[in-house]
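Colleague: Before I ask anything, let me first share the structure, which is written out below as structure tokens.
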Amino acid sequence: MLRSILYKNKWWVLFTSLCIILSSLMMVYAGYSLSFLFRAINYSGNALNKLLNDALNVTIIWIIALILLYIKNIAKANMIRKIRKNLRNNIALKIVELNYEEFHKKDSGNYVSWLTSDVQQITQQAFIPFFTIVENIATTIFSLIAMIKLNLFIGLTAIGLFVFISVIPQLLGKLMTKVSKELSIGQEKFVEKTKETVMGYTIFKLYNLFSAFVERVNHSSDTIENINFQYSRKQSLVETFVAGVNLIGQVVLIVVTLYLAIENLTPVGAVLSVGNLAGSFFSGVGASVNSIISLKASKIVFEKFKLKKNGITSKVDLNTLESITLEDISFSYSDTPVLKNINIKFERGKKYALVGASGKGKSTLAKILLGFLSNYSGKVLFDNNELKEVLQSSIYRQITYIDQNTYLFNGTIRNNINLGEDFSDNEIYEALKKSSLLDFINNLPQGLDTIIEENGKNLSGGQRQRLALARAIIRKVQFIIIDEGTSAIDKESALEIERNLMDDKNLTIILITHNLHNEIIDKLDCVYEI
Ligand SMILES: Nc1ncnc2c1ncn2[C@@H]1O[C@H](COP(=O)(O)OP(=O)(O)OP(=O)(O)O)[C@@H](O)[C@H]1O
């Protein structure tokens, strides 16, 4: 995935890499240019003027170097911003690709961790190391060329040592991969646990359990910090090993040069130059080796976000739906049977109720109808097509579901109904009328622009459910499953909503309820008992 993200931004990557290389070279040259000032010692005649001239030149060189350094830093920051946005986009695609069962295998905190901690981990382990390698390539290559120019044998020795060192990532890569995976999983668990603790704030407050709140945070913190420490320990081990090998490499090169000098095969002065060049060569190689190990370790985190290959789908795209038929449906959660041989038919425009004692499996049946649970036996037929053969997106154009825990986003009422889609205010008012929420909205000073706070805490339970109904109605979905969707509403309001829905000839209503009002029973075509 790293490759595809970098490829997607290839021109920016190229520009940033160029800035990095130019800036490195310019900084080296600027450092070297200071020696120009010493030429003044040998100046005769108008020495001060010449010295000032040299000083001006050196200043200009430094100004250019500093401007390049600034441009490089901005280019790098901009590049990191772009590729991090790309990465989050890919992670979001991965999340929406998951089906209902896959998504619910993990707590939602894990997905928050993907988009926060994992993005941070990948930045540290892959994106920044990638540019570190680019930054060091120039230094490594230039010091190698200089050594070859000094003496071919010294250059060949440096190449030999480089080949030897380049095996290190293969040797130590696995060590870092393991801790990298542990770090990513640990961060998921940390976010999951702290999210859960913070969500339970009211309970801790109600029962005066302040210390339990702090203790839970501390416990999660201990766990993640231990994992962080293990990661840093392994990383230090790798860095120390690489530094050790580099040191040996430098000693070998100096010894070889000394030997060549003793044998008069190279001038004695070369020893000093090789000392310097070997230093920059091995610091470049060392930084690159550490970065390559880090890059290898990040692969395991990228793996989590790999998208499935999109084959050509042969699934049925439903444009209309006349009926849904359940034939001999049985379902178990693990080994616990919940539904047994259910046979039901829902026809377009008709009104149904599903009744049954608590825990009998009414919500489970709804989830099967929506394709959320696939491990059933028997058949769910959308007209004549088995549900598993129907394109998922087309299922939700035909059928929708309002359960007891409607989720509302922070934002306006309008945005909570259109959910980013293009609906006119008139359409929104029409849907609100049908869900019996229009009077309430009209009485709000800000109307549709009223801001809904975190998960609708400034709305009553009934208002939240009516808003959810408006979302479904505006999308003209034909089949609406209301899973005790009116349970939080007083009897009169509940009846008003149900009456409105029952009177709409186009809608198919499947009401999952414990309380069937007499007035509603008369409007139902069929009551199924589960
Ligand atoms: N994800 C799950 N994993 C395991 N068991 C589950 C799961 N969801 C529900 N159950 C169990 O399956 C049974 C049926 O649950 P379901 O929610 O379908 O019942 P229900 O008839 O809708 O109940 P209620 O009227 O109280 O909402 C219950 O015993 C419940 O504990």
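Note: Cβ is positioned from N, Cα and C throughout, glycine not excepted.
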Colleague: Any idea which of 202-223, 268-289 is down as transmembrane segment in TrEMBL?
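Modeller: Here TrEMBL associates transmembrane segment with the stretch 268-289.
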Colleague: Tell me whether the transmembrane segment (12-35) sits in contact with the transmembrane segment (126-146), defined here as at least 3 Cβ pairs under 8 Å among residues 6 or more apart in sequence.
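Modeller: When sequence-distant Cβ pairs are counted, the transmembrane segment (126-146) touches the transmembrane segment (12-35), since at least 3 lie under 8 Å.
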Colleague: Suppose I define contact as three or more CB-CB distances under 8 A, residues 6 or more apart in sequence; do the transmembrane segment (126-146) and the transmembrane segment (268-289) meet it?
Modeller: yes
Colleague: Take a look at 55-75, 241-262, 268-289 and tell me which one has the most Cβ pairs under 8 Å to the transmembrane segment (152-172).
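Modeller: Between the candidates 55-75, 241-262, 268-289, the best contact partner of the transmembrane segment (152-172) is 241-262.
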Colleague: Counting only residues 6+ away from its ends, which parts of the chain sit with a Cβ under 8 Å from the transmembrane segment (55-75)?
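Modeller: That would be 12, 15-16, 19-20, 22-23, 26-27, 29-30, 33-34, 36-37.
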Colleague: What same-chain residues lie close to the transmembrane segment (268-289): Cβ under 8 Å, and 6 or more beyond its ends?
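Modeller: Cβ under 8 Å, 6 or more out: 132-133, 135-137, 139-140, 143-144, 146-147, 150-151, 154, 158, 162, 165-166, 168-169, 242-243, 246-247, 249-250, 253-254, 257-258, 260-261.
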